[in-house]
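J.: What follows is a single structure, and I will ask about it in a moment.
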Amino acid sequence: MFFFVLHVGIAYACMMLPGFYLFLVDRYLRFLQSRQRVRLVSARVLPCETFELNFSKTPGLKYNPTSILFLNVPSISKMQWHPFTITSNSNLEPEKLSVMIKTEGSWSRKLHQMLSSSNPIDRLQVSVEGPYGPASTHFLRHDTLVMVSGGSGITPFISVIRELIYASTIVKCKTPQIILICSFKKSSDLTMLDLLLPIDGSANELSNLKIQIEAYVTREKQQPTTEQNSKELVQALWFKPNPTDSPISSILGPNSWLWLAVVISSSFIIFLILIGIIGTYYIYPIDHNTNKKQNAQEANQIQNLEVSTPTGSPLPSSFYNADRELESLPYQSLVQSTNVHYGERPDLKRMLFDLKGSSVGVMVCGPKTMRHEVATICSSGLADNLHFESISFSCINGRKQRLALLKKPMVVKGPLGIVSSIELGFFTMFIALLVWSLSIYIHNSFATITPISSAADGKQVWEAKLKSTAFRLGLVGNICLVFLFFPVARGSSLLPLFGLTSEASIKYHIWLGHLVMAFFTAHGICYIVLWIATNNITQMIKWAKTGTSNVAGEIALLAGLAMWATTIPRIRQKFFELFFYTHYLYIVFMFFFVLHVGISYACMMLPGFYLFLVDRYLRFLQSRKCVRLVSARVLPCETIELNFSKTPGLKYNPTSILFVNVPSISKMQWHPFTITSNSNLEPENISVMIKSEGSWSKKLNQMLSSSNPIDRLQVSVEGPYGPASTHFLRHDTLVMVSGGSGITPFISVIRELIYASTTVKCKTPQIILICSFKSSSDLTMLDLLLPIDGSPNELSNMKIQIEAYVTREKQQPTTEQNSKELVRALWFKPNPTDSPISSILGPNSWLWLAVVISSSFIIFLILIRIIGRYYIYPIDHNTDRVFSSSLKSFLHMLVMCVCIAATASLAVIWNKKQNAQEANQIQNVEVSTLTGSPLPSLFYNANRELESLPYQSLVQSTNVHYSERPDLKRMLFDLKGSSVGVMVCGPKNMRHEVATICSSGLADNLHFESISFSW
């Protein structure tokens, strides 16, 4: 809007002023309300991962049923605001306001974990905006009110029922008969019905209300047993009051509409008076403090009572435990009017057509298909008494479902690899942009080329057209170059915004690299052909003082061609070192590219390259120090696990990677490996698994598995790098398909779920691990599922099933073969010069990264301005014909690098002290264990007595199949959960097979994700 007004001018922009002015007033009032912390009184945590928050409010705050409230919890995220439906009633509960939250996203899941943990918090800092809702209700005009809900869609109907309770008990007016038809997936979801009454409600509140509840549990065929019911109870939490918190109140007081009119009219009058003087100030209401005093007076009337009840107290559920005696239930009238149906769905057509009242209000809130079904019934014309109203808060969920469909594989086999619908769509649009740009450029330039104009320049028409085409090819190649460096900035702050990681976005870098080199090669060939055809070959050695330098362009093109040649898949995979070292020619490529086109034109690709330079220098600083290697596990399948020390403040997510360098093997080689540890489960350790496949890893394996193992190994690292968030907990079932060492990323996922189930005590999905190995010795990789110091209790709360397939052996190896090969544990001596792995910019890395980028760029602009004004201008006087273009470009690049190096170094030095303090907390413990000690394998020696195995629960859940491959199609199609996450990491054929199954459309519940480190 700001630049739109600057573009069209204020006179023309006034046509859209009324709507935007009202929005600005509303937005600022909401901003003022969101600045204050509100008083959270209590919470009810249900066993179905749903909870109700009860806030204090001023009696003067009124709202209608189905209103919503926006919530912000700074301890989870200071920026995220989420809307939730209000379940309370402002008349029935004049001093309380409640919302119900279903655990579906990462934000609500974190909040649920905080409330349902074994050590619940006694205070939670919350800010709100609202409430917002309808101006009036029309429930009382109907004879019968039917409310149809699915899952958490029951939320708005809770406020409607409480409104009717108030009307029947307090106002004593006639209320319609209520029929609540609610569908749930599981019987534990029935506990949502406990929220129909307030937390301090009484049975008398339903005595005058005619209510009938038809509850359907669709995925369970029978009522759960008493033992199952007793394990899961509704938990009530009471929070300690804080003097700084205030009850929720209307920001403009009880007469909000009057004050809003005063604010709008007075501010607009003042705006008109001062329009010639002040254009950018916001004018505060004159008597705004009056409303603050009135709200404060109402708040003082609400006493801060220290509740004697324990912080967390279990409450029985009225519906989930249906075998209890009705006399013992506080809401027996509500229970008596409830019928629970298991293993079936409601016959909505029959139920609605059977209603004979003259005016039947039908409200529906739930999944899209349910809303459409009820709308179709009411609009069929077969029942004139049905009055339909849909309540939908699923715009976000619907967007997520559509996004999940777009993320399904669209193309499985082809030059692009596994590509989702959204990736294919963006790729197609990008290609269309390039084709359109090239065609427009060429069309417009050819329109000006005529025999007359060509003759005036001393050229033929075809020469002018070829030169124009060559130049336009270079322009289109620059468009691709703009985006080339964004995907390879591993610590970039932009990739997480799009849910990408540096590894997952490598394929975008590959696509863009091919396009860049294709256009630049065509650009160079066209010019060379033109020079040869016109006997002007001397242009190839021309380095003009001003303007374009041909020699610099040719050097850049040669460097690019060398990099491009080594990206051929066969060369890249068989000669990775050649590919890796050749890619350092990007320095030559970019340096001479800038000299070729000049700094002014090169600025169009500056954002991506600038972020890459900042990231690359920070990685260089991190790689200069040696890290502390604590221990290693050497497996008989030529696989090793390295365990490093790390600072507790370093956090990372599962499937992250770490770049490792061992100077004793090669000072130049850096190799990426997947992290197998979990930063929450192992706060002071970080582990990677390395499979011996190349020369570098084979040498490392020989050093650790020799008969005289070393007692110290010098190692440097870069990272970790990984996704900004994870989404494993959102699924009912999580299937992980791996081939060989592809099991590595799933080890970190399983450890994350171990932490969630044991420490956070939250519900975790059922885990099905389908892993294929060539030989039985590879089964020892399963020993890494638990940390080296893991305990058997870590798996007690998890549902895990492991299907292991040994494809090249027909039977289980004998005991003699097993005894020859054992897992070896190596412990290394600590060295004072080694330091634990830590974030190079400390715990607040994102904040420091923003400071480095912004400050270095500001300093760069200042220094460039000084150089231009006092050094370049006196020589050139802005003619661009005297001062050397190459020297000018070189000065810009030099200043840029100096600014980045200076600011990044200062930030690292500033955070070095805090990292050193955390490192001192980690003690150097001299391990009394032998340097190399053999450990039994849980899976390779399957004949051992289970009682002698420390992790027998994990072994019992493992099935080993010999001389066969997994039937992935049958196994995946047999999964019946509503949301099944399917992750695959392994050979190309395996990834393509799983992608084909998930994208076939025969199973809508499969959500595919491929993890590939074979680029």
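Each residue's number is its place along the chain shown, starting with 1.
The backbone N, Cα and C atoms fix where each Cβ goes, glycine too.
Per TrEMBL, the feature transmembrane segment maps to 6-29, 257-284, 416-436, 469-488, 508-530, 551-571, 583-614, 846-870, 890-910. What TrEMBL lists as domain 'FAD-binding FR-type' is 33-138, 622-727.
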J.: Pairs 6 or more apart in sequence, C-beta under 8 angstroms, 3 or more of them: is that satisfied by the transmembrane segment (890-910) and the transmembrane segment (416-436)?
T.: no
J.: Within the domain 'FAD-binding FR-type' (622-727), what mean pLDDT does the predicted structure show?
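T.: Mean pLDDT across the domain 'FAD-binding FR-type' (622-727) comes out at 86.
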J.: Just give the helix, strand and coil counts over the domain 'FAD-binding FR-type' (622-727), going by DSSP.
T.: 12 helix, 40 strand, 54 coil
J.: Please indicate, using numbers and ranges, the residues of the same chain that are 6 or more beyond the transmembrane segment (583-614) and have a C-beta under 8 Å from a C-beta there.
T.: 478, 481-486, 488-489, 492, 494, 547-550, 552-553, 555-556, 559-560, 562-563, 566, 849, 852-853, 856-857, 885-886, 888-890, 892-893, 896-897, 900, 904
